[in-house]
Amino acid sequence: MMNKILPGLCLIQALVVALWAESCSEPPQVPNSVWNIDTSNGTKVTYRCTKGQLFGEQTLFCNASRQWHASPPVCKEACGKPRPIEHAKLQYPADEISVHAVGAKVHYACSLGYYATSGLTESICRHDFTWSDPALVCAPPSSHCMKPRVENGEITSEGKERYSAEDTVTFQCSAGFQLEGSPYVTCTENGGWKPELPKCMKYTTSNMKEFLYHGKKLEDLKPRLELYKLSLEIQKLELEIKQKQEA
Ligand SMILES: *[C@@H]1O[C@H](CO)[C@@H](O)[C@H](O)[C@H]1NC(C)=O
Ligand SMILES: *[C@@H]1O[C@H](CO)[C@@H](O)[C@H](O)[C@H]1NC(C)=O
């Protein structure tokens, strides 16, 4: 009888020892959490918080020296690190803190050479331990110019929603309107147009003299035109005097 049972008992004992040799101590207790053990490929324990948010390693592996590979995580009613935003950085001291209380605010600033095109620079730790989305967009200043718009005018060059620096746009006014300013504008590095956008003025006989003549107002040219007229009159008189002397 004993001879029959003993080999079986020994086998079970050997199995238990073999299993024990491969495993770590009980998984460490983490307040406000539940854990799950998985022995399909080595032994690993995965924690899930029942209250708050998990900080640290979510899964601990039982390593070759039969120790859990890292310290157990903690469950805290707090937010973790705010999410990174492209071309922006968190401002001190938020950049050095990894656990933030509910209601805490952090501030972002666009990196040097970039500027905020939309969104907020502030984010707040909400009651669900997530950060409000600042939706901040930091763009390099030379990125683009928005499509220029001139009332009663249209673009005669290639029409696009965004233009790159050095792109040139040409305008034409609608029928009955006259262009004032430069018909060509160029997109600059800082996202503006140079020179300033032209205007399309309603064409009437009363405002005719206001229109530009080779980039100058006719009114401003008047003294020069009068001087020219005077010089022509002097020439005419000189000619008449000459003709009389010859006669
Ligand atoms: C078992 O775990 C090791 C280390 O964690 C990993 O490299 C390996 O790919 C895993 N094997 C399978 C079959 O999942
Ligand atoms: C197992 O984990 C412990 C705790 O992190 C560590 O000190 C030890 O060096 C690890 N052993 C191996 C073989 O990686």
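Quick reminder: no glycine exception, Cβ is built from N, Cα and C everywhere.
Looking up Cys173 in TrEMBL gives a disulphide bond whose other cysteine, out of Cys187, Cys200, is Cys200.
Taking the Cβ of Cys173 (disulfide bond) as centre and 10 Å as the limit, one finds 21 other Cβ atoms among all the protein chains shown. Along the domain 'Sushi' (136-202), the predicted structure has mean pLDDT 87.
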